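Q: What follows is a structure written as structure tokens; I'll ask about it next.
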């Protein structure tokens, strides 16, 4: 029955209603589906597991768990199904972490393992792998499956479709550019062999032809033009794909009922069955896409004992076009509603179809494709989210909901549906069956708007749907001004609507009147839940301002001079593109070194065969651990009662500080042991481990952890650096660098300027959370510990400590990490040690992989920084002195905070010569999570301080900041403030090259013209240099070992102390070994990093791992070459390694060598300011251009040009990947990534992808050009291949986007007569951008704190 034919009679005769048991008595209990082409029947399915848990449980571990909330895409699979809406087979990319197992009955589930293997990859897998689109690889299977779904649904997709295909996927490593480049080889434009993009003369479409070449015949040619396949790659042929199983075309969708005493699932297949269920059990949870329910179950411990899956009820997924409305089944997917909206616009025309254009506009940026493929309008409505993007549109249209129960069918106007926070007018026994969406008539106008932290896949901060109905003389007859994000429910601006009715829309006074009424409608207080009071109010007014002028521009009778044309258009991106210089290695490449080669594990990562810590097969008798974490920021522990947990079935043990061999074993930390593995009498941060519960499954352990009762006595807490300074709360660490005579310089300088630089922290957001598996051995206290760590040796040391044995009994192993970025340098030790304590207690293997929220709560972040600076400068713009007090927020324990603030002090000069410097560093002690290492390790914060004072000094002096930078830039061999001479110094050269290659001066002139012509859109541009010191500042860490074995068959096994976390370390190390030994790279293998092969290793950090481990391997290979020299001489130059090894073995020659390397020359001494701090500096320059929307704070990076000096690159392809990834991570740091704490509870709020936003695919520069410095000599560089470390240095270059935004904001403020100094805090979020404009709308919307009132959130 189509919704358009719904009748008012009861669906089931009241006399026939039955009990739940009676209704489902004859229902089936077996789920039948296909998995990678094979039929699966489950008659004992666990009702509490998701599709992801099922897949990983049966060994298909290619599908990853990244967030468990559908926000990262790592778990993406494809679910192929017959779509009852479109009557076609649809291949839906789906978040397996959210999908209940019942949802795949009658469908074909395809995982990354099902489409290809290393020896026979799918073209998508191959192109991403060979195109360097996989680094750590943890996100890669999900990205592969999103691309696969696109191709299955559109075998010839457009460039736009490719660009938007990944809106539900995140990657933290690559910077996205290589993934998009690989995916675009499948697009219609770039896949044509004749297209200009592929070096041809232009395809028929480009040359003005109307006959597309996507497989269609061209006049005069009997053959279709063949899809272009890049050289050496597998051609894509859709006919070779997995077919939709014929048996599923005949699948009988029978009603299902299955479960256990804790949980039961029902899957009706007809509407009458659903209504009977709802009547018999009104509180049963109705599930459409499970996109919110699964999050409630996972993170809020909601327990829905009876759930009803509605996705297979055909009647609820139909639609019908009527003359005056479109009626859609309420359970249609959002993807289908998106397509249907486009059809409706075509059917009804642009004017009458405005409601559907508004729906389409909101759905385009509604979550990710995976969510839209399963989410439904009914789910949006029933959950009654106050920030739903769809609900304001339906309320503004006053659409009609058709609600059905067993007894009646009723119509509910949308204007009456939302009654309170998460409360609706839907009767308890009713379901939302359909929605009637009206078609517009004459004089009706509507637009919908949304603003979020990030454009794609983000929940709204504020959204709105605005509608007016005008008479022939433009008098407002009716209107709807509906907003989300401004109240606990989707709400109408009632005062403004009342005022607007009867007014002449084209009268300028109308705009002012509505704006005044909106101020009254949304009189937010400063501490409003959700925060951002001023910004939200400004958006509410700004949306109407945009709407007013947009509608005015469509009215023929409107006076054009009254229309503010510039405010109408939103910022839209072009198809992104980019260039790289692939000739850079030609001047110095050798047989292997210097050449571009893919990551050695990329293909395994793309096919799901690469193994991470939690992919290790289950051990016999294994238990799962779940941490019991503090729920207070600072409190005494009054009592801990684990008995309720131990009473739960499946809970095996509770472990805490009492299970350690002695009290001292509980203490850890580097370099200061000031932290405990388990809290004892007091907790110092929300999320501090108190204990761990062990269970037979992860779910059992989680339930047990929730059952542990902890009683607290609250104590005062400190969160921000400012609060710590006020209360003098510091760690015992103080360092300074004093060079020259600062006081004299300040006394003699022409100008002295002072200011404050402030930047927030950053969550690592590696896609693989911290994980560990502890395996106790039966003898002598031995234990094997697998951990996702950058620091195996320190892991080994602390596991030995907590288990009470010597280090030689502990083997710490790492296969690979799904990203690290410094976050797994020390903080990973906590989880590994806790698992080891637990494993020793129960003498069983213990596994734990943290949920995303647990990881963020416990693992620490990049340090927030505050600097109070004072700079002396002369009239000619030459810097004379710098004095600064620098503070970082260490959190509750010291961790590596001292070394981080030290590095900030050493980088606070940026790239500028300052003759007199006195800078001091302190660590603020607060009650936030203990902050730790993060890519850059204080360097970016120090350089941010430098560029902040450079920007502000230039503004004070009224000179271009580019001129100030060039004037003060170091010259070759000049000493820094810590007295290290700059050798091989090429920043000035690169600065000049980037200015020229980016056409900086021309674009600066164009931007000035643009800004004069546009009031609400402003552009800015900036160019930023960087120098980053390479070496651990702790001298003893600058060493490495390696072990190289040559086997009989000529194959080579290499072990070294570094861990592979996506940065391509193993790739470079195999290349070095292959070059040194004269063997093909494929003959060299690195299995894992382990403390029983290479001992006493340093952590993989400081961008020094290639230098250290590379030379250690080279040293080992030199020893082997020396031993093999006689055999080479005897057997000749053409002898293979197999022949050499064979001969050497029989001559009793050792074919194993232990290599070692330590960095020479370095050894800085703090205080006296003597000794060399760094071995060398990696350098770079980047320029970026942005455009900001001054009405909303939205922005885009139009272009970025990066040039890095990495010396003679070992592998340019790997280095390019590091540069792009670091730049985008830096872009996130300085723009959208903001960590927020909930003031009342002291808990971090931004604890997952729903609230914390890293850059997505469509946040990267629209034009992204990267090159490496070439045609110079590196005379003083004494590293392997004369290469430079590249992991961390490019990150700070992302700040050029921040400073380009600041440049645009200066123009925006000038527009409104504001030319005082702009002090912009990092990150430059959309809120900060909008609130910095200082236009009349902002000023009238400003919300000021009343006495004693504090903000809802805290930014530390």
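Heads up, the Cβ atoms here are built off N, Cα and C, so glycines get one too.
Per TrEMBL, the features are:
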- 1288: active site, proton acceptor (ACT_SITE)
- 67, 72, 75, 97: [2Fe-2S] cluster 1 binding site (BINDING)
- 366, 389, 450: FAD binding site (BINDING)
- 790, 821, 935, 1102: Mo-molybdopterin binding site (BINDING)
- 258-442: domain 'FAD-binding PCMH-type' (DOMAIN)
Q: Name them in sequence order: residues not among 67, 72, 75, 97 whose Cβ is within 8 Å of the mean position of the Cβ atoms defining the [2Fe-2S] cluster 1 site.
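A: Nearby residues not in the site list: 52, 64, 65, 66, 68, 69, 70, 71, 73, 74, 95, 142, 852, 1249.
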Q: Pop the Cα-Cα gap between residue 72 ([2Fe-2S] cluster 1 binding site) and residue 450 (FAD binding site) into the table, whole Å please.
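A: About 21 Å separate the Cα atoms of these two residues.
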Q: What are the non-local neighbours of residue 821 (Mo-molybdopterin binding site), defined as same-chain residues 6+ apart in sequence with CB under 8 A from its CB?
A: 172, 764, 766, 934, 935, 1061, 1225
Q: For the recorded FAD site formed by 366, 389, 450, name the remaining residues of the chain with Cβ within 8 Å of the site's Cβ center, in chain order.
A: 362, 363, 364, 365, 388, 390, 452, 460, 463
Q: Sort the binding-site residues 72, 97, 1102 by C-alpha distance from residue 389 (FAD binding site) and give me just the closest.
A: 72
Q: For residue 97 ([2Fe-2S] cluster 1 binding site) and the residue listed as 'active site, proton acceptor', what Cα-Cα distance in Å is obtained after rounding to a whole number?
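A: Each residue's Cα considered, residue 97 ([2Fe-2S] cluster 1 binding site) and the residue listed as 'active site, proton acceptor' end up 32 Å apart.
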Q: Hey, of 75, 366, 1288, which of those recorded positions are within 10 Å of residue 1102 (Mo-molybdopterin binding site), Cα to Cα?
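A: Taking 75, 366, 1288 one by one, the ones whose Cα falls within 10 Å of residue 1102 (Mo-molybdopterin binding site) are 1288.
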Q: Taking Cα atoms as reference points, which of the recorded positions 366, 790, 1288 is nearest to residue 75 ([2Fe-2S] cluster 1 binding site)?
A: 366
Q: For residue 790 (Mo-molybdopterin binding site), identify the closest of the recorded positions 67, 72, 366, 1288, judging by Cα separation.
A: 1288
Q: How far is it from residue 67 ([2Fe-2S] cluster 1 binding site) to residue 1288 (active site, proton acceptor), counting Cα to Cα, in Å?
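A: So the Cα of residue 1288 (active site, proton acceptor) lies 25 Å away from that of residue 67 ([2Fe-2S] cluster 1 binding site).
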Q: List, in sequence order, the residues of the same chain other than 790, 821, 935, 1102 whose Cβ lies within 8 Å of the centroid of the Cβ atoms of the recorded Mo-molybdopterin site.
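A: Here the nearby residues are 820, 822, 823, 825, 933, 934, 937, 1100, 1101, 1103, 1287, 1288.
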Q: Taking the Cα atoms as reference points, how far is the residue listed as 'active site, proton acceptor' from residue 72 ([2Fe-2S] cluster 1 binding site) in Å?
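A: Rounded to the nearest whole number, the Cα-Cα distance is 24 Å.
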Q: Far apart in sequence but close in space: which same-chain residues, 6 or more away, have a Cβ under 8 Å from residue 72 ([2Fe-2S] cluster 1 binding site)?
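A: In sequence order, the residues whose Cβ lies under 8 Å from that of residue 72 ([2Fe-2S] cluster 1 binding site) (at least 6 apart) are 66, 139, 142, 169, 170, 767, 1249.
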Q: Check the domain 'FAD-binding PCMH-type' (258-442) for me and report the mean pLDDT.
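A: It averages 95.
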Q: Using all protein chains in view, find how many other C-beta atoms are within 10 Å of the C-beta of residue 935 (Mo-molybdopterin binding site).
A: 27
Q: Across all the protein chains here, work out how many other Cβ atoms are within 10 Å of the Cβ of residue 450 (FAD binding site).
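A: Residue 450 (FAD binding site): 28 neighbouring Cβ atoms within 10 Å.
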Q: Excluding near sequence neighbours, so keeping only residues 6 or more apart in the same chain, what lies with its CB under 8 A of residue 366 (FAD binding site)?
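A: Listed in sequence order: 334, 372, 375, 389, 390.
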